[in-house]
């Protein structure tokens, strides 16, 4: 039996630059310019539900952002994840023409990461106030902290109490 | 040219279930345009979770979505376990499942009560909360807290079940169907209730999928998609239950679906209680789980593990996973990106309410002000979940 | 001279009783709702919360009398007053009991026996709705406006049905005077002769008093208390009194028109009257604890497509029977 | 309507707080903190700061001091010279209790923790330490 993911990968062909499989999750890395086309193909292959659309900030690595699309096939019970590497100054094509539900998700990514989506009908901030400056989920956005109040002592700020360990690469 | 009235409903409004603001453009009482404005409860949980260890982050999920607390914890814990490549022992898994299903009942009861009070059935709210209290009492018995439990651990549970747990749950479940029937007499058999919900806030199956709706909203529209069946997690594959599905996609169908889901949850719990296995409740991996407390006095090694695990935390391998569960509101997923350090690089909370709420303008095309209330209640949003 | 004094004393006593009754109705309602909802209800102020209405009243009177910007000041003040006065005025003609003898003076337990009493009742209770409409309009608030619009729509739909039901009773009794109507029920209460009329009257009465499940003008969950939104303090209290007195009025009317007024075995008439009225008040509260609210278009549909045709039918049938019996 | 009518005669389920309290909180209830003692009166806390580290809301502050033979406070080398918990920050997750290797910090049964000033909600060591062994409800002879 061929799984829907495999069918999709076959149909996408050249558009997929890299396939990553980690703990049964299949991630397809697609270049930015093919993304919309890839989503359209995925949609017609049965992955009709746009479960999630989000981004990850890899600062200071380059390219800085990953934009992630998670699709689900409601009928065939399969999932697929698309990932686009995006430089800080690049924009993404909007998926709102394929899924009206992408509207808010893209607004959220814009709000929290500052990634712009071309062709989005109404790209405004959604969670933060309209006059907010900066994009909070970027890694270079400072976490504003205050030490907890104690009598006669000023402890370290919360995020420094457990030191962040060095990333170990597989 | 027609004159229209722009009405700001919320963020302080009795029927918006939190700090939701709706901008309505009205002609008389008929809605021409509707735009939900969210973000009033945005607390930056995703950012905060990046600054804490995997273990500390257990406290956040129930605070994000405060009605189905155990399901939230389950979702997060499952995601981290998937990242680590471990599974909890069988007994822990079953206990989680029982508590998650109790959470589902508790959450649906809040839906039922608030949906009823939005239509001014004031009494039902109290009846529902009475039943919910009993569930919360059970939760307190198990975890020591009624809502923000912090009971699930990565790789298992904090404690085993207390004495008398099964009997208490059994007692609740024995009485529960009778109460549900009572509520159905109050609502399902009530002409006014049916008139107010049938054909109101209709969402077609096609629209529901296009807007990314999940949970009872999607199932009410006739799509049988339940994460518990589609991508079985946490042992759901072992139990028999049905996925109730509606047909018209209106507020009444969503109500029916939730009522039936409560009965199904009861069925699952009964099966799970009967088949509750004995055994450990925490994985025996000192890199993930704290050593048992009795070892701390005897073994120096245990103390060292305890110190190391608490002060440094868990180090999952670099990678990214997405794990989701079926919350009472729909698919609740945690997407965790790890770089191999003790803190996540990114935790993305896929919330069902966020997507479901987005479909509100579609549901209320040419509806009236009175329908807004019904529609919001039928989506059953939790603003903490929407804004995170 | 002595008649005037008696009427004055009676008015004062009645006013006092009504206002107190209205205050205690809030307590009764809250306690009963509490009972319905398996909780206690207010019980902090005084034994069983008996002083709660007093505390509420004092609070409302002494509260700062605020006024939102851009209101139409005169109408804004006038509206609650209309609402309250209209509600109280109805009691001029409601008979509470048969004549009693007090201090050697025969005192009828009513303020006046107007020969078109029932018309007066209907007329004044309609005036009460103007209070709501004007209040909502003058508040300069969108919710209030919507509430008052709903109220006017409701008034038109239900006043008619109410009237039709009442006319059937009038035909049966052969008089417009409330006292005569009650006296005509000495042997058979009209609820037995006019069951359909009673049903129509009951539904219309609930709608007329803006009570659940027809409390659309207030509709807390939709319109945030509708026309009352911008009112506070004493002005709000007047609205409140208006509303609760209207409930008592409708209960008293139902008793008078259909349940034989003061007639009843053993006990004195006044007690029977009060007892029956209280039973209806209880019914109103019970409805509130149980039923969902209807939508305004459904409310209109119920009124126009259902109640009014039925009322007309009832009227025609009654008329035919009355004529047949006379001939 | 019959349903609500039936309820009219059922006893209320709410309790008249504050006159009537909840019958009993569950044994596992996570309430206010206590620093427990051994049954000989020694402090269990050894000032290791694990609770400080694990606390997700950083509500705990510990300053360790060295035990000396003349001034022996706990059964280890060190003891908590100062121990404060900001109960306003505390989210009652119970992680501190779980992390504590000597079982010194426990969450008690008290849930009425309201106060009028922020200052009075910062519990200091004298407020946190049990007045006598076992007064927090935990057996002072227990192993951890």
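Just so you know, the numbers here start at 1 and follow the chain as drawn.
Cβ from N, Cα, C; glycine included.
Quick look at what TrEMBL lists:
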TRANSMEM  C:6-27  transmembrane segment
TRANSMEM  C:73-94  transmembrane segment
TRANSMEM  C:114-137  transmembrane segment
TRANSMEM  C:158-182  transmembrane segment
TRANSMEM  C:188-207  transmembrane segment
TRANSMEM  C:244-263  transmembrane segment
TRANSMEM  C:269-287  transmembrane segment
TRANSMEM  C:299-324  transmembrane segment
Item to check | Contact yes or no, the transmembrane segment (C:188-207) and the transmembrane segment (C:114-137), 3+ Cβ pairs under 8 Å, gap 6+ | outcome: no
Checklist entry - Under 8 Å, at least 3 Cβ pairs, sequence separation 6 or more: does that hold for the transmembrane segment (C:114-137) versus the transmembrane segment (C:299-324)? => result no
Item to check | Residues from the same chain, set at least six apart from the ends of the transmembrane segment (C:6-27), whose C-beta lies under 8 A from its own | outcome: 42, 49-50, 52-54, 56-57, 88, 91, 105, 107, 111-112, 240-241, 244-245, 247-248, 281
Item to check | Segment-segment contact (the transmembrane segment (C:299-324); the transmembrane segment (C:158-182)) at 3 or more Cβ pairs under 8 Å | outcome: yes
Next on the checklist: Within the same chain, where does the transmembrane segment (C:73-94) have neighbours whose Cβ lies under 8 angstroms from its own Cβ atoms, ignoring anything closer than 6 residues to its ends? I mean 6 or more beyond.
Outcome noted: 14-15, 18, 67, 110-114, 117, 120-121, 124-125, 127-128, 130-132, 134-135, 137-139, 178, 231, 235-236, 238-239, 241-243, 245-246, 249, 252-253, 256
